[in-house]
Structure formats: C-alpha cells, structure tokens
Amino acid sequence: MASEKKSNKNTKNAVVKQTDPEQRQKALAAALAQIEKQFGKGSIMKLGQTENLDIEAVSTGSIGLDMALGIGGLPMGRIVEIFGPESSGKTTLTLSTVAQAQKTGKTCAFIDAEHALDPVYAQKLGVNTDDLLISQPDNGEQALEICDALVRSGAVDVIIVDSVAALTPKAEIEGDMGDSHMGLQARLMSQALRKLTANIKTTNCLVIFINQIRMKIGVMFGNPETTTGGNALKFYSSVRLDIRRSGVVKDGDNIIGSETKVKVVKNKVAPPFREVNFDIMYGEGIARINELLILAEKQGFIKKSGAWFSYEGEKIGQGKNNAIKWLAEHPEITTKIEAELRDLFMKNPNSILAPSPKKGKKGKEKDVEEVEETEEIEEIEEFEDDVEELDADADDFNEDEEEL
C-alpha cells in the first residue's frame with residue numbers, strides 16, 4: 001500500500017514534455033501563476049510587457065561621448081568601469097558626469113578610496129559640492145559596504161568609486177609590509193558585485209568604478225595592459241570606457257589642456273568599439289563648446305567660409321576662438337544646436353560618428369567613393385609615369401650599346 005502511494009506521488013511530480021499547443025499554454029499559465037504567487041507580482045513577465053524599455057541615461061558632459069555610448073550618456077541601473085593611465089582624465093570625466101546628473105536633480109555620492117578628491121576643482125567642473133555626498137573609507141570592505149548601503153536606500157542616483165585599485169582589503173592593511181595577500185582584492189570585488197548587481201537594477205542607480213592600469217609580466221604578444229581587482233568587474237560592467245591622453249592643447253608655448261581619446265571597449269546597451277576625441281582644459285574640464293562647434297560645423301548647422309563662422313546666415317566670429325567665445329555668450333543658441341545634434345543622432349547614429357569627408361583643393365567635400373576613385377587614378381598615373389621612365393632608360397641603353 002505504501003509503495004502504491006509513493007508511486008502515485010512520483011507520477012504526479014513527474015516532468016512531462018507538453019506537445020499539444022493548448023496544453024502548453026495552460027501549463028505555462030500555471031507555471032507563471034505559481035512563480036508570481038511565490039516570488040511576487042512582476043517577478044516574471046514578457047519582455048515586451050515591461051513598463052520601461054528605454055534605458056535612462058546620464059550625460060557625461062561630452063556631447064561626442066554621449067553619442068558614442070549610443071543612448072545619450074551612461075546608462076542608469078548599470079555598472080560602468082572607466083579605466084586608463086595616470087592623468088588621463090578619469091576623475092575629470094566622472095566629476096563632469098556628476099555635474100550633469102545634479103543639473104537634472106539627481107542625488108550623487110563620491111566614495112573617495114584614494115583620499116585625493118579636490119573640492120575646489122570639483123566646483124570648477126560644475127559640481128554642487130554642498131549636495132554631493134562624500135565618503136573616505138578606511139579599507140575596501142568599508143567602501144563597498146557604504147556603496148551597498150547607498151544603493152539599497154533607493155535614494156541615491158549616481159555613485160562614484162575612486163578607485164578600485166585603492167580598495168585595499170582589511171587583512172592587507174592590518175598585515176605587515178611585504179606580506180603576500182594573493183587574490184584578496186579580486187575575491188572582495190567578486191563578492192561585492194554579486195551583491196550589488198540586482199539592487200543596482202532595482203533602484204535604477206548608476207555605479208561608476210574608476211580603475212587603474214597595470215602591466216602583465218612576461219607578455220610577449222598582445223596587449224600587456226590589464227586592470228586591477230580581478231576579472232569580475234569586466235563581466236559585471238555594462239559599459240567599459242578606455243580613456244587616454246592623445247596630445248596637448250597649447251596657447252602659444254603654454255600647455256593649457258590635453259587632447260583626450262575615449263574608446264567604448266564594452267557596451268551592452270548599444271554597439272561598442274566607438275571612439276571619440278575631445279579636449280580637457282586644465283582647471284575647466286571638458287571643452288564642451290569647442291566640441292559642439294566641431295560637431296555643428298561637420299553637420300552643417302554652423303557654416304565656415306574662410307576664417308569666418310556663421311549660424312543661420314549671421315556671422316558669429318572670425319576664427320575658432322572668437323566663434324567659441326560667441327557661443328559661450330549665447331547659451332540659448334548653444335542649447336538649441338546641441339538639441340538639434342542629439343535629434344539628428346537619434347535618427348541616424350552613424351551620421352555624426354562617421355569620420356569627416358575629405359576635402360578637395362577648393363575646399364569642397366568629397367564622398368568616400370569619389371576620394372577612392374581619385375586615389376586609384378593617381379596611382380595609375382604614377383605607374384604610367386614610371387613605365388615611361390623605364391622605356392626612356394631602355395632607349396638610352398640601346399643607343400649606348402649601338403655606339404659601342
């Protein structure tokens with residue numbers, strides 16, 4: 001009797017493949033109802049039925065970078081990693097993002113593990129330091145616990161962790177100099193990110209980790225560079241930005257800024273591997289108006305004739321510096337042009353991110369096919385000239401041979 005009951009129980013709980021369409025729908029409805037009853041309403045749904053399919057974004061302060069990211073900025077509810085060499089503009093870019101977030105009424109926090117945040121410089125970049133939450137933790141565990149508490153509160157929109165390399169495990173701080181602590185930081189980051197990820201999505205909080213670059217030992221082929229804190233952050237990040245200093249900005253003999261290149265090496269919300277260049281001016285931050293002028297001229301919103309720049313038929317300045325000065329004095333025009341650029345980008349993302357067309361001798365723009373055709377013709381002409389020279393040399397040789 002007992003064996004019969006056990007057999008009936010096993011038959012009842014057996015997993016059966018449903019082949020009849022009607023039975024499949026009933027079985028799916030029963031499974032969904034059970035999941036919602038056990039885990040709550042909204043725990044499972046069809047992707048098209050989600051309330052908000054569009055990802056909210058926070059501007060970085062660079063128009064070109066916002067467009068390169070594909071959604072107009074850094075995605076809310078995600079983890080972002082910004083890494084690069086020293087003095088490449090990592091902290092400047094994150095503080096610029098904080099300033100833009102504060103303009104839209106968002107609450108921001110800065111976890112300064114490096115203990116190196118300059119409030120005066122932050123103010124120059126547009127950050128409202130009176131409203132910015134700041135923490136300078138003693139060790140890595142404390143920093144990540146604070147980050148977790150801020151995320152769980154649901155009241156903080158943007159959190160910056162500067163930097164992963166400075167998240168020193170407590171055991172390493174309490175140990176002696178020279179002690180080996182293999183993998184402690186990597187395990188700490190892996191555990192923290194496992195806890196943070198779900199809550200970050202639930203509270204729609206943007207968490208930005210700044211990271212440093214190290215060199216792998218003994219790498220003969222490939223890129224020897226790597227980031228600190230293990231591989232967990234690379235996997236959990238929705239966006240990874242590689243920021244580098246590509247040159248300097250000069251005013252005469254004085255260096256007043258740095259040319260910066262940012263590559264989107266990972267992007268889960270838009271196509272990756274886009275690159276953008278902009279200037280960072282010392283003491284001022286990202287040269288936003290300069291970048292706006294370049295993009296607006298490229299798209300034809302601002303015309304250039306000789307040294308003069310004009311907007312809607314009105315001359316705005318002779319030379320680039322005067323045009324930038326005019327745009328700075330007319331913020332309403334700047335806002336209008338930026339909105340037009342963003343609208344154009346949303347309709348056709350590749351139009352703004354594509355390289356500028358080459359110009360002919362008279363300054364007229366040529367499309368790619370015309371340029372390639374011209375280059376092919378030039379190569380053929382050069383080849384024909386070489387053949388003629390060889391023929392002439394052969395004739396001279398034959399004449400010399402006849403004389404001999």
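The backbone N, Cα and C atoms fix where each Cβ goes, glycine too.
Quick look at what TrEMBL annotates:
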type	residues	note
BINDING	Gly84, Pro85, Glu86, Ser87, Ser88, Gly89, Lys90, Thr91	ATP binding site
COMPBIAS	368-404	compositional bias 'Acidic residues'
DOMAIN	54-213	domain 'RecA family profile 1'
DOMAIN	218-291	domain 'RecA family profile 2'
REGION	1-22	region 'Disordered'
REGION	351-404	region 'Disordered'
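A map of TrEMBL features onto the structure.
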| residue | record | Cβ within 10 Å |
| --- | --- | --- |
| Gly84 | ATP binding site | 24 |
| Pro85 | ATP binding site | 14 |
| Glu86 | ATP binding site | 8 |
| Ser87 | ATP binding site | 10 |
| Ser88 | ATP binding site | 22 |
| Gly89 | ATP binding site | 22 |
| Lys90 | ATP binding site | 21 |
| Thr91 | ATP binding site | 23 |
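Taking DSSP states H, G and I as helix and E and B as strand, the domain 'RecA family profile 2' (218-291) has 9 helix, 39 strand, 26 coil. Secondary structure at Lys90 (ATP binding site), as computed by DSSP, is helix.
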